């Protein structure tokens, strides 16, 4: 039967045609880029950023209207008159009457127009937002109206089918929703302010979608007022974080699932988007999780592996989102799905809202606050949670300049204090603290403003500048660890600019010669060296041939790259040291992969943890090359500590630029050599010294404020370098837990905040950006303060000792295993976790007995709580009583 003979198909075709016409009528408005005022590196972002939003109650999906929105009222109309553009005519009523007379839908009256803001508005941040609202209002309302038409066509078709017992084919049911075009950061500043549907057409977007093809229609959603929202959040989530405001609240989600196996089986869920995270929680307990009598007959160890505990509260920080995808509708399940993928371990959450328009709203809000772009970092939650305190501390001086007077959070790494602890204050030391050569970051912008060099050189000498010019990014050799007893020390730099012609620098050669001479002088003044027997060295190195474990020179050069990569860099004007130009040095390549290899290995190991076959589990883990890279890093770090401790030699580390692999190996070697860095305070100092101060590009590697949906993201520069470092630390802490003041849970919590942007610790790329440009210690909170405030992360069995943790190399490398607590945390199948046995037994005792456990604040001692049966007004058990009796979370 043709479309002309089938009025239902004709209605669907007409709706699809109308949708295409409306999409073509969308007009893009050119905007002046004034987003620089919102950059956190500029003081204007304090006044230009929107103030905390207010709650709107116009629809079931509650939303927030930022204060940056224009003052003109926004209605629900679609016809926006503009000079020079053809006017859109109202939809004729006969086009709406495509349902049989007995089941037809009443046509909607014509909608009132919305005026653009006056063009004479001054060019300020507010005027820019007004122009943005105008364009986004037209696009959003166009998509909303087209979606409403498609929904009405489907509902009409469903009603006819119920009376004719006609089972439609998939082709007859498929109606594509309007495609969502992602906006750039400049046009996505305040897209939520025009989503309010208070007009006559507002109720259409809240109509439920068809759930299944068997003529079952979802029940009408029940509106949730602000008081009910707060009650639900308090019951299921608890107190929100300081500065965390609600952007969007959606109730009655028909579908929620995640990579761990959580599925909403006939239970309605609520979804909340805040400035900080996405929250999803059920309104009733999952009865399928109840323990049967058969399970209770098993050994407790079997029970814990059979039914692992997981919270029914799903949450994901917005800046942890890597990409947001929308799936198409099918005849079997007519819902528009939204799949949110995390940057950590491949974790994903899939949800569907009661209507298409609400799914679009959720996607819009997530994309706005998860991907503000690098030029709008003021929208990251790290700034938002501290905004009120910052605004209250702003004062204006006599020149009219505004400045922040809030007391900054303390620095864990104070260069003068830390280097004085290492080197002492003796005037005869071989190394000297330099405070002038890079005081304003003028010599090397990615280095700290205080460095250490040979005491035989003057820091303002032209020789130092020439040496820096010969190294990539002006990153010349500087000391990162040493002692006052002998010449044992660790130095770091970037690759030399050798090129294909084998260039050389007399300044660079002289600089390294001074390092060797000063180290030799200190070794002569030091007490007798440590004595090692051949048997002990063989056991320590795992090699019977010790010819490669005795020094052949005075300075050990460890190029952390594969030889092939170092040789390839010569084509770009760089390369590696020619030892014939540097007498007394020996060069060794460590074969550690670059950031691209690390990213690929991490993606593979994350996929394995979610999807691998049980029989090929270990082989799949090995094929990912993740554990191989961990072994290579530890081998280089252990060898660095070996040459420094056993032979009291200076060791120079570098890779290409000296801020990724060099930071990892240098920090791990110090973790073996210095017991101070195995304490909580010392570990924070180590991270701030070798990663923050020496220019590890956190912001670039983590892509803060950017996601896979954006065209501007340089995926080639994104890599989990710091997460890989924490994985290496975990391997050592797992082997020798008593040697660390912190637990592996401490490392897990720290890894959770690499991408969360809850704190400002991992923002920006260099010390100069953090301290001078962004002033992060005043405008954001520190992750170290939060971790130190939790006593449950402290190791009670810590044994403080000054001994060097130089364990046998074979023992270290053969004990490398997958960090299940991190990489398999979001997998659907059970794996062995490092949860303490006594805590695990107590946890399962409470779970089997039906007692409630609140795991949100792990620093508090939880006691069993019996929840009385509470009835609501209708006589059934209340939502609060049901969920509190079955909810269980464990923060490990």
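Each residue, glycine too, has its Cβ placed from N, Cα and C.
For residue 655 (active site, phosphocysteine intermediate), the Cβ neighbour count at a 10 Å cut-off comes to 27, with all displayed protein chains included. The feature active site, phosphocysteine intermediate is assigned by TrEMBL to 655.
Every protein chain considered, the tally of other Cβ atoms within 10 Å of the Cβ of residue 594 (substrate binding site) stands at 16. Here TrEMBL flags 594, 595, 655, 656, 657, 658, 659, 660, 661 as substrate binding site.
Here TrEMBL flags 81-93 as compositional bias 'Low complexity'.
TrEMBL lists 881-892 with the feature compositional bias 'Polar residues'.
Model confidence over the domain 'Myotubularin phosphatase' (409-823) is summarised by a mean pLDDT of 93. Per TrEMBL, domain 'Myotubularin phosphatase' is recorded for 409-823.
What TrEMBL lists as region 'Disordered' is 69-93 (among others).
Summarising the annotation, TrEMBL assigns region 'Disordered' to 852-892 (among others).
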Can you count the other CB atoms that lie within 10 A of the CB of residue 661 (substrate binding site)?
28
Measure between the Cα atoms of every pair in 594, 595, 655, 656, 657, 658, 659, 660, 661, the residues the record assigns to substrate, and report the largest value in Å, rounded to a whole number.
12
Excluding 594, 595, 655, 656, 657, 658, 659, 660, 661, which residues of the same chain place their Cβ within 8 Å of the centroid of the Cβ atoms of the recorded substrate site?
560, 662
Other C-beta atoms that fall within 10 angstroms of the C-beta of residue 659 (substrate binding site)
25
Residues near residue 657 (substrate binding site) in space but at least six apart in sequence (CB under 8 A):
472, 473, 475, 494, 495
Rounded to a whole number, how many Å is the Cα of residue 655 (active site, phosphocysteine intermediate) away from the Cα of residue 661 (substrate binding site)?
6
